[in-house]
């Protein structure tokens, strides 16, 4: 009853519950049904009385009263007249709030086209009428007539006529023989008279007959629009408006400013123009004005309505008085400031404050310090309530006074109020979910918020003036969620990689590292201590130091809780750390009996978390932080200039390198090497020199020295301690301080040949300083640009993945991905164990030798299992993946695996898509902010050999080798791999060997670890002959296809192939080297082809005509690209390029089938390469390759499906089409990971897999079967499955399709939810498409639900959604039973059944 009374006062309609939102085109009747009256005058308000004009844009009669419950003339005031319509002024007595809801309309004197359907490409109106957009515009803007009904005349339907042609036609045929119209009326007639069913039928039959691709595409576009209209029930003529709706006046307010001026919304100006022109047109029609005047007025009306809906879309932009373009209705929705992103997705919050942060080292991990002033303000309502309850005040007014005067009892009550009431702290930019965490407030004096030092990493906060915002969760549910889910103690692990994020940093690490150092010859060395008490005593009395080597008894408890003790060789410092370990025997002392670098501390915290749980970890972290700080303070580590050690050998290394560079210069002058090769070698030489100086410096700094007098070990170099412990600084920075700065990069990314030999301690010369400014400035410029880029990448990722939620426990799929260790240049960069930890095994994993079971199929692979798997030497494991999950919406828990931030299997309702997007996007921003730390120092040492990473026996796959004239083995195969097998015959490593490499081992050889297997020249790619004979040149014409450069000083000539197609004379040449046999004929290769080797541009000839060559000799060399520095600059755009699935500029060409290469007849500037298939019944495939691109295959080479015919970056679409989803996934994951790995950022593969899954949601129809699809349609995978199920049920032929890879932007725009797509990008286009198709948004994702103001269907909101879903399905069941008339008796067992099968809400 109370609620009803309240509603009576508030005039509120209770909120409606709805499950979906539909959008369609408004018919004129619909617009009139919304409207409360027609607006006839352009007037707004009377400037003297400030009252709205009647029938004007703010009319109170149409839109409602200005003041609550008061009519305009003031005859009726107060609640008691509610609902009465005043007879004098015609205003209904009600709330003024209705002025935000009630709409009006304008009856147009002539129809006008809706600009969205006309100009939003592709134009819907012109596609539907099958005319060009230009022609439609000519008709609409009164330039041409159009023939709508030719009758018996020679005119054609839809023919355009100019004014003169129309007059002539009227004269010729008479006015009633044909109909030609002009303006929107004409288009309206044409659209209204369309028979959509007939058109659709005609288009389908035409599609079946046509063969031309272009025509098919055009017909498909039209058919799609026609079908959209048919399915949605929209009529085509509704795209032409006869009535314009007017939005409520309070949404386009008019505010009086002081001084008698008004501030108004632009919409009022735009509406005013429409009304003025419309009224003028009405008057002209009444006056029977000449046609030309009326037509002009109609055109102007059309333009003003265009401007109202989308200003600037057509013609010139309409500007206001101050030359500013007016904001139209479309602009209200678009972009960052539009309705979607500004108001619906980005709302402001009350109960919040912000202030500067300072460090609070005495806080517990779950606490933060809140300034008293701030707390008083934030918790006011709670304080008022408590004051009232305790009887300090009887009214809110009294309570207010007490609080304002800051009476002592207020502070006591504030203490009570904030106890156990968590607050949220947020630091902008919030790049991942750890940017907002909950803490329990403790009151502090002053005005700064105190933050616990350990959570700084998560917030990326420091105390140089950062500010943070505080928010108060008000409702009980909000407080509960803050405490249970967001408390800082619950966020110990990083969601991106599962490593601890609450890890000591900087001073704390330094303190712990200092504690754990072991020095030789310290006082008391070799003493033994029975317990920690004794040890403390000895430390106090200075019998031992923290670093003395001692033997100590460490007491702990075993698994059963029985105390035991063990003696360790250790130091007092390490025992102090061990003292803090949780006393439950699960974490052994060994973990802190080592040097405590940041990595080791992180490992220690991780072990404690996995074995002892969250509570112990939090207590341990707090204690370890206190210990670290206190010992960093006591150690007093600082550094002076002498700590930067310059190695004595530096001068010699530099001198040697300078001589080497001179030698290269000489070789270049002698014509032995090219400019490019010289550049590469010089850069390489300096790169190696820098490394060498750095190594010497590190060796010097690391060296252990002893004091001559006391024999004690001297204290360590403090710079080395800082860097080595991971507290601050990196070896790279140390190298610049004490070694040599090394090579610098130009802004273009090329490396400057002259390095910076000085370091910062010696000081730079002017030239060196100038060279280094490039890098420094580039760093700063990059940072500014990349922050925006990275933010945009994150936004696209979130948008594409926002509806990916864990919805089921297990999908039961049989498919998955194969995981192997990632090896790069012989180094294992990501071990198999690291990649499979926390994933679900697809098959049973057994030990390859003993056959004993390690992990069952469908079980999660945990830390102990990983150790077993690595021990067993298993090379590859199949795991479940989000990519292959078969759930229709979202993913299942088993495919996803472990929730990285909790270390447990992932919960139902976890928003894994958003977490994945944040995990990938967050380091993007981080990296961009970190580019300039190295000051642009270039790092380049090219790899030129293969080493064995394991011991074992060599096996060569696809072996194809020759011995050359020097007697060494040379690799002649294009895809040879060298594998190493261990004694059990299990493959331990497998590496590809480049063509032309020298092999040091052969099949069956035994190798030791680190032994050289093969080496090659990293700067050139050789072309070698496999037959012996005499060289002859073909088409190598001086000046046309080859340039001969002679060096005057040495007389040595070298020949380089130049681009022969740049001159008309050279266009038919095919420069090649031919090998003739003894009888003068062209020698034959082993595969049967001729020994003719085609040369590519820039190849340098190594032989002369007539030279005798033997097998494996080099004929020519092609130089490779010069080294550019890699830093994330190449990185961020690279990641974006991969996620956007763009085709790289010079992309690789991939073989689609296995077979033999044949070179066909060449075109003018393309080379034809044909693959003759190896198996029967397969058509040969032909590729066109631009001439002059380095092409390394010869006629008759055997090639496998998926091999590269032309090198380069492959296009991801090709990988998907040729090798399938799994290959695509592994390519994308590896490429993206490589970029992040370069920066030392660890991201779990599963995050990238989730995004790739979202990119693969669409299928291109290859065979329509009996469905209504058209071949080439892009449909949702889920939709296709549903349609096919129906078709199979009816015994019809299902449609089939190929998966398509969409870039993240495209995928976001093609999401089934139009609300989500519209709020992302291209708002008008998305809404236009959705309206025509009459789309329904099922509100599945997070974004849509935020926009309509509901709980998101993830987390706690997901449970509610689930409960609602189960409830409705039960209701339906009962209703169904009732209908059948079996009564409710049968319904109960079914419900029982449903309750058991319902997914558990976790």
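Numbers here mean position along the shown chain, with the first residue as 1.
Backbone N, Cα and C atoms are what each Cβ position is placed from, and that goes for glycine too.
Over in Swiss-Prot, the protein carries these features:
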- 71, 73, 86, 89: Zn(2+) 1 binding site (BINDING)
- 462, 464, 466: Mg(2+) binding site (BINDING)
- 811, 885, 892, 895: Zn(2+) 2 binding site (BINDING)
Whole-Å Cα distance, residue 464 (Mg(2+) binding site) to residue 885 (Zn(2+) 2 binding site), is 46
Cβ-Cβ distance under 8 Å, sequence separation of 6 or more, same chain as residue 86 (Zn(2+) 1 binding site); the residues meeting this, in order, are 71, 72, 73, 75, 76, 92, 93
Go through 71, 73, 89, 885, 892, the listed binding-site residues, and name the one with the sparsest Cβ surroundings, counting other Cβ atoms within 10 Å.
-> 73
Extra residues within 8 Å (Cβ to Cβ centroid of 811, 885, 892, 895), Zn(2+) 2 | 808, 810, 813, 880, 882, 884, 886, 887, 891, 893, 894, 896
What same-chain residues, at least 6 away in sequence, bring their CB to under 8 Å of the CB of residue 895 (Zn(2+) 2 binding site)?
-> 811, 813, 840, 880, 881, 882, 884, 885, 887
Cβ-centroid neighbourhood (8 Å) of the Mg(2+) site, 462, 464, 466 excluded = 357, 461, 463, 465
Could you round the CA separation between residue 462 (Mg(2+) binding site) and residue 892 (Zn(2+) 2 binding site) to a whole angstrom and send it over?
-> 39
Write out, in the order they occur in the sequence, the residues of the chain not among 71, 73, 86, 89 that have a C-beta within 8 Å of the mean position of the C-beta atoms of the recorded Zn(2+) 1 site.
-> 60, 72, 74, 75, 76, 87, 88, 90, 91
Measuring Cα to Cα, how many angstrom lie between residue 466 (Mg(2+) binding site) and residue 89 (Zn(2+) 1 binding site)?
-> 58
Here the binding-site residues are 462, 464, 466; which one has the lowest number of other Cβ atoms no more than 10 Å from its Cβ?
-> 464
Just counting, how many other CB atoms are there within 10 A of the CB of residue 811 (Zn(2+) 2 binding site)?
-> 18
Between residue 89 (Zn(2+) 1 binding site) and residue 892 (Zn(2+) 2 binding site): CA-CA distance (Å) = 63
Helix, strand or coil at residue 895 (Zn(2+) 2 binding site) [DSSP, three-state] | helix
